[in-house]
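In what follows, a structure is listed as structure tokens, so that the remarks can point back to it.
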Amino acid sequence: MSAPAVSQGRNVVVIGTQWGDEGKGKIVDWLTDHAQGVVRFQGGHNAGHTLIIGGKKTILRLIPSGIMRDGVACYIGNGVVLSPEALFKEIDELESAGVEVKSRLRISEATTLILPYHIAIDKAREIKRGAAKIGTTGRGIGPAYEDKVARRALRVQDLFDPAYFAERLRENLDFHNFVLTQYLNHPALDFQQTLDEMLPYGERLAPMVTDVSAELFAANAAGKNLMFEGAQGTLLDIDHGTYPFVTSSNCVAGNAAAGAGVGPGQLHYILGITKAYCTRVGSGPFPSELYDADNPARQDPTGVRLANVGKEFGSVTGRPRRTGWLDAAALRRAIQINGVSGLCMTKLDVLDGLETIKLCVGYMLDGKSIDILPRGSDAVARCQPVYEEFPGWNTSTFGLKEWDALPETAQAYLKRVEEVAGIPIAMISTGPDRDETILLRHPYKD
């Protein structure tokens with residue numbers, strides 16, 4: 001028997017190193033010049049990737065950012081949880097804007113479906129939690145992953161067998177309606193109405209459904225480059241994030257293998273995305289926090305400025321993001337977990353005009369000095385940040401495309417981030433448009 005073909009294409013994983021919203025969408029779009037396929041491997045439509053192309057803003061939630069490049073194939077892997085309603089709404093929005101989607105989008109038959117009862121449970125739980133809410137987007141992501149782990153999930157391929165789908169749906173509704181009515185004080189969902197809503201999606205999805213794992217292997221064997229587009233960020237990872245204030249999937253680079261069906265040896269370069277400062281949406285500890293719109297005790301003027309200049313509002317929820325200084329100790333944890341090859345720093349221009357810039361390089365935790373983010377939200381909440389201070393710069397970095405054009409103080413700040421992180425900065429984003437980028441090392445070439 002002959003050995004499997006060795007990958008000839010080069011694969012890059014783009015991963016968030018913070019609490020999401022790092023600017024991954026723009027970077028994926030920029031790098032897609034050198035990739036023939038872009039893959040989503042986890043999460044659902046709770047993550048919004050914002051792209052500014054030619055001054056026009058596009059927000060993608062499910063479909064990979066590569067869809068904005070003509071001729072690039074886009075894949076939704078088995079690790080994603082899929083809302084057909086959200087998917088087709090996004091497809092309609094893109095195609096009405098002249099973007100061809102259906103002929104370029106491929107969906108794994110093993111992808112877990114989000115059903116109406118997942119959304120109902122998600123919203124009802126947050127209401128019941130009250131002040132202790134996690135801060136989910138209410139889109140059914142967590143409950144869908146729960147069903148997957150409990151081995152009762154319905155998958156895309158199940159839509160192609162209506163009798164089987166109906167049987168499994170009835171079983172699931174019996175279970176979830178009990179939870180809704182008896183524990184969450186929510187009305188039961190109707191079986192027939194749910195079935196009638198879901199079954200027609202089978203015919204609409206069928207032309208896009210394929211064996212994604214096999215197609216990715218074949219693409220690499222043919223010499224094509226692939227990009228794996230992470231959603232959310234490392235500090236929201238179900239295992240490695242600030243648990244329990246996390247998302248319901250693994251957001252780290254290693255999950256690109258499991259969530260798309262490729263071997264881990266096929267992940268050749270890990271590009272970690274970090275803002276020049278930190279943001280977080282929803283609840284959970286944030287050691288270097290300066291500003292939280294919902295917390296009167298967190299109204300530092302610099303944090304307010306970061307939020308306003310950086311336009312820090314959730315692209316999916318519209319919720320204001322909490323802001324703070326860049327946390328290099330948390331970044332160090334993310335780099336280790338992901339095996340990051342190089343960093344891309346985004347939104348450097350948001351720091352323009354600040355007299356002083358701070359960088360969190362460690363913490364005091366229960367009287368001890370540590371230089372890496374601890375595990376678990378309780379420990380993180382007790383961390384007191386240890387800062388280094390840097391002089392700011394008054395000249396604008398917006399839109400710059402060359403390292404030498406950066407102010408010397410900005411260069412010094414970036415070099416110190418590299419030193420603390422222990423890996424090089426490969427790219428710097430100086431604005432929202434794809435061309436407002438400084439390239440130092442190319443993930444597909446260096």
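Just so it is clear, glycine is given a Cβ too, placed from its N, Cα and C backbone atoms.
Values in this document were obtained by computation on a predicted structure and should not be read as measured data.
Marked as GTP binding site by Swiss-Prot on the basis of sequence analysis: 20-26, 48-50, ARG321, 347-349, 429-431. Residues or ranges marked as IMP binding site in Swiss-Prot (evidence: sequence analysis): ASP21, GLU22, GLY23, LYS24, ASN46, ALA47, GLY48, HIS49, THR137, ARG151, GLN232, THR247, ARG319. Annotation comment: Swiss-Prot describes ASP21, GLY48 as Mg(2+) binding site, evidence class sequence analysis. Marked as active site, proton acceptor by Swiss-Prot on the basis of sequence analysis: ASP21. According to Swiss-Prot, the active site, proton donor annotation covers HIS49, on the basis of sequence analysis. Annotation source Swiss-Prot lists substrate binding site at SER315, VAL316, THR317, GLY318, ARG319, PRO320, ARG321.
Counting other Cβ atoms within 10 Å of each Cβ, the lowest count among the binding-site residues GLN232, THR430 belongs to THR430. Compared over the binding-site residues ASN46, THR137, the count of CB atoms lying within 10 A of a residue's CB peaks at ASN46. Close to GLN232 (IMP binding site), meaning Cα to Cα within 10 A, are none of the binding-site residues out of LYS26, GLY318, PRO320, ARG321, LEU348, THR430. Fewest Cβ neighbours within 10 Å among the binding-site residues LYS26, ARG319, ARG321: this applies to ARG319. By the criterion of other Cβ atoms within 10 Å of the residue's own Cβ, the least surrounded of the binding-site residues GLY20, GLY318, PRO320 is GLY318. Following the DSSP three-state reduction, the secondary structure of LYS26 (GTP binding site) is helix. Secondary structure from DSSP puts LEU348 (GTP binding site) in a helix. Of ASP21, ASN46, THR137, ARG319, ARG321, all annotated as binding-site residues, the residue with the shortest Cα distance to LEU348 (GTP binding site) is ASP21. Less than 8 angstroms from the CB of GLY23 (GTP binding site) sit ILE273, LYS275, CYS344, THR346, LYS347, SER429, each of them six or more residues away in the same chain. Ranked by CA distance from ARG319 (IMP binding site), the binding-site residues GLY20, LYS26, THR430 have GLY20 at the top as the closest.
Around LEU348 (GTP binding site), a 10 Å sphere centred on its CB holds 22 further CB atoms from the protein chains shown.
Across the fold, the C-alpha of ASP21 (IMP binding site) and the C-alpha of ARG321 (substrate binding site) stand 9 Å from each other. Reported as a whole number, the C-alpha separation between LYS26 (GTP binding site) and ASN46 (IMP binding site) equals 17 Å. The Cβ neighbour count for ASP21 (IMP binding site), using a 10 Å radius over every protein chain in view, is 29.
Using CA atoms as reference points, the binding-site residues GLY20, ASN46, THR430 were checked against ARG321 (substrate binding site), and the closest is GLY20.
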